[in-house]
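A short worksheet on the structure shown next.
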Amino acid sequence: MRFGGQRRCIESSDDNDSIDSMSIQQKNKEKEEWKWAQSLARRLEQVLNVHPEKYQNGCSSQRPSRQPSPVEQLAPIRSHSADFGRAAEMASGNSEEGKGMLLRNGDDRIRLPSPQRGTPDTSSTQGHPYTDQIVTINVSGMRFQTFESTLSRYPNSLLGDRNKRQHFFVSDTNEFFFDRHRTTSSSFTFEIRNYLFESILYIYQSGGRVKRPEIVPIDIFLKEMRFFQMGDDLLEEFWIAEGYEKPKEVMMPNNKTQRKIWELMEYPDSSLSARIIAFISIAVIALSIISFCWETVPSDIEEKPINNSATAELLDEMDEKHYSPFFWIELMCILWFTIELILRFISCPCKVTFATSVLNIIDFVAIAPFFVNFFFADTSKSNSSMSFAVLRVLRLVRVFRVFKLSRHSVGLQILGKTFRSSVQEFCLLIFFMAIALVLFASGMYFAEQGEPNSKFTSIPASFWFVLVTMTTVGYGDLVPLSPFGKVVGGMCAMIGVLTLALPVPIIVANFKHFYRQENRLASMKSKGDDADDDIA
């Protein structure tokens, strides 16, 4: 019995040993399969360039941290389309892997050859963009990197011209350093960004798209564009992007004397003498308008019927007016206007442009009636039947002198630009008013046709009532009497309000646009001159 039990114990122990050996073999097999799977996965990651930072130093057991190094935090490297930077874990030895640079775009990284220390390479920049030379730009401590071919898109700029940017090269750090304004912003991710230079660099990357960040003032952005010598075309693109057109280049006379006279008469802000002349011109215009209005105040003048005898008496009174103070005031004003117009015409750089200018035509029309009235008075006496109407028209033309103030008033010039840009809206308003005028005048005539005391005797006679009602003036000289006439009048008033309200916001928007543009032009001109002085 003892031997039998001992035999069974030995057999059971042998079975346990065989089971343990089988489990060990199975575990070893699983480990080998797992190692094979891991090696295959690592091989696939290397081929597919997934997490390349794990294989920089030939070690796959440790995965580098995603947190940037203190150097990266102090000097972040920025670019608009891709973020270039050196990895914190990149080896500093002589191995081939340690000599590379990482091109970071999101979470994927691609190893590129790092630029050599010392003088930058001046070899050709043609070829694939990922094999192009990388240029490092340091703007007040913030580093940017881009390809040299990107900067060469604008070869005349400061960054695009190698000779120009060579003056800012620092050989110790192998970068171009610019001590410029640094408009930065830190978001909730504690990411510091230089929006000002990013927008400058974006001009190179986008091929000429100028976009000013909202946090960057206009004068600072313009100063930076002038510093980096972006060119007139990009400056014009910037002006258009800001909502206004670049002012046209002013033609100036080549002759020195003509240039001085032209500046005195045409540009009041050019000198103190020009301001004095402009002030005298405004005073003479005001005096002429006051004299023109005060001359019509009745004193001992009696209304006379318009006939040949009245015309003859009017012509005789012209001789008596030579002794009137209004005549001498008019003569003095006309002499000033004439001298001013002649000096402008003599010194202008282009005679054709001067003759076709609206303001110059107004100046000529303002002085022409006086000379026609003065030199042809004797001739008018022989043909008195037509001279009376001509003289009245010439007197009426004198009122156009008020438009001479537009030469010295920016507000009147803005109003004129608004009217010119709103011609389509005015035509649309007149078209709607004409349709409503015919419809409601016809309705009012037929609605009031049965009333005995109605003043709406015809459709043209109803035009006045419809026009006054649609413009919400309502003189009250014409009033509908029938109930249907009152209904038509009420509908006419409501339609008139809607018709007038539709184009008015567009006209107001045009006025605001030109007003804001004029203010910006003045601000940009002053700040641009300051920027030129700073750059010089």
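Backbone N, Cα and C atoms are what each Cβ position is placed from, and that goes for glycine too.
Since this is a predicted model, take the numbers as computed values, not measurements.
In terms of which side of the membrane each occupies, Swiss-Prot places ILE414 together with LYS486.
As a summary of secondary structure, the topological domain 'Extracellular' (480-486) carries 4 helix, 0 strand, 3 coil according to DSSP. Comparing 276-296, 426-446, 459-479, 487-507 for CB pairs under 8 angstroms to the transmembrane segment (323-343), the maximum falls on 276-296.
Residue counts for the topological domain 'Cytoplasmic' (344-356) under DSSP (helix as H, G, I; strand as E, B; rest coil) come to 9 helix, 0 strand, 4 coil. Mean pLDDT of the predicted structure over the topological domain 'Extracellular' (297-322): 53. Within the same chain, residues 419, 456, 458-463, 465-467, 469-470, 480, 485, 488-489, 491-492, 495-496, 499-500, 502-503 sit at least 6 positions outside the transmembrane segment (426-446) and bring their C-beta atoms closer than 8 Å to a C-beta of that stretch. Within the chain carrying the topological domain 'Cytoplasmic' (447-458), a Cβ under 8 angstroms from the stretch's Cβ atoms is held by residues 465, 478, 480-482, 484-485, 487-488, all 6 or more beyond its ends.
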